[in-house]
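Everything below concerns the one structure shown next.
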Amino acid sequence: MYRGRFAPTPSGPLHLGSLVAAVGSYLDAKAHRGEWLVRIEDVDKPRAVPGAADTILTQLEAHGLEWDGSVLYQSQRDSVYQHQLNQLENAQRLYQCDCSRRAIRARSDHYDGYCRNRQPRSTPYALRFINNNPVDTFNDRAHGLLEDHSASVSEDFVLKRRDGLYAYQLAVVVDDIEQGITDIVRGSDLITPSFWQLTLWQYFTGKQPRMMHLPLIMNDDGLKLSKQNHAPSIESSQARNNLFTALDYLGIKPESELRHSPVSEILQQALQSWCKKWHIAGR
């Protein structure tokens, strides 16, 4: 059974770019008669803004994006991530690294495995995954075959940070596997970390989820629309207009008379268009 998810970081309310990812992942799940889960990716606790998670959920509801099951919060799952690290340590797939970013940059444009065969001389330290079998190619439903044979893809990447926080790469894969995610639909800015994540998927399960990376929305300066670049939040009171704009970026144009219809009707027509666009049968 198809199971997808939308996994925002609660560093602020949803903006148009994150709405595009939410709508795309929602439509794809419903087109496949699957489930659409919501996960709050607050593993990076200092980035989480108080109240932002609740605001995001309210915004999703206002736009007719109803999720299946209960919402998962990464900030409540430290013991799960630590257990997985313990398993990796027992399998001798981790090592300690006390290299600073400055030290790494001074040696190379990627992490060179400097600490793999030595004990760190000081604390704190990060934990790196011994990346013996990197995944450097995968098929993307929107982009076709994607390849990255650069040294950064095959480097030993961090699973627990020097500040003691669990790395996003670990948390997202552990959660996806535990939740039974079969399909990941998200923005194209996450293509690069996909290679590390698929490496972990392959190590943990021997298989990979289907991937689909959606187009990004750029601002007037040519930068990705994001909270970091001060993208304005969407207004729930403008849900119909927001959906029309998001769907336009996804290559879907609902009939203009639907601008005054309930959001459920807009999404229903968008669902039919999504099936046609991506050649999904059965709707």
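Using the three backbone atoms N, Cα and C, a Cβ is placed for every residue, glycine included.
Here is what Swiss-Prot records for this protein:
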BINDING   ARG5, PHE6, ALA7, PRO8, THR9, GLU41, TYR168, ARG186  L-glutamate binding site
BINDING   CYS97, CYS99, TYR111, CYS115  Zn(2+) binding site
BINDING   LYS227  ATP binding site
MOTIF     8-18  motif ''HIGH' region'
MOTIF     224-228  motif ''KMSKS' region'
Remaining residues near the recorded Zn(2+) site, that is with C-beta within 8 Å of the centroid of the site residues CYS97, CYS99, TYR111, CYS115: ASP98, ILE104, ASP112, GLY113, TYR114, ARG116, ALA126, ARG128, ASP156
PLDDT averaged over the residues of the motif ''HIGH' region' (8-18): 95
Neighbour count (Cβ, 10 Å) for GLU41 (L-glutamate binding site): 22
Those residues of the chain, 6+ apart, with a Cβ under 8 Å from that of ARG186 (L-glutamate binding site): ALA7, ALA21, SER25, MET212, HIS213, LEU214
Inter-residue Cα distance where the pair is CYS97 (Zn(2+) binding site) and ARG5 (L-glutamate binding site), in Å: 33
Non-site residues, in chain order, whose CB comes within 8 A of the mean position of the CB atoms of ARG5, PHE6, ALA7, PRO8, THR9, GLU41, TYR168, ARG186 at L-glutamate: ARG39, ILE40, VAL172
Three-class DSSP secondary structure - TYR168 (L-glutamate binding site): helix
Fewest Cβ neighbours within 10 Å, where candidates are the binding-site residues PRO8, TYR168: TYR168
10 Å Cα neighbourhood of PHE6 (L-glutamate binding site): matching binding-site residues from CYS97, CYS99, TYR111, CYS115: none
Separation of alpha carbons, TYR168 (L-glutamate binding site) and CYS97 (Zn(2+) binding site) (Å): 17
Neighbouring C-beta atoms (10 Å sphere around the C-beta of ALA7 (L-glutamate binding site)): 22
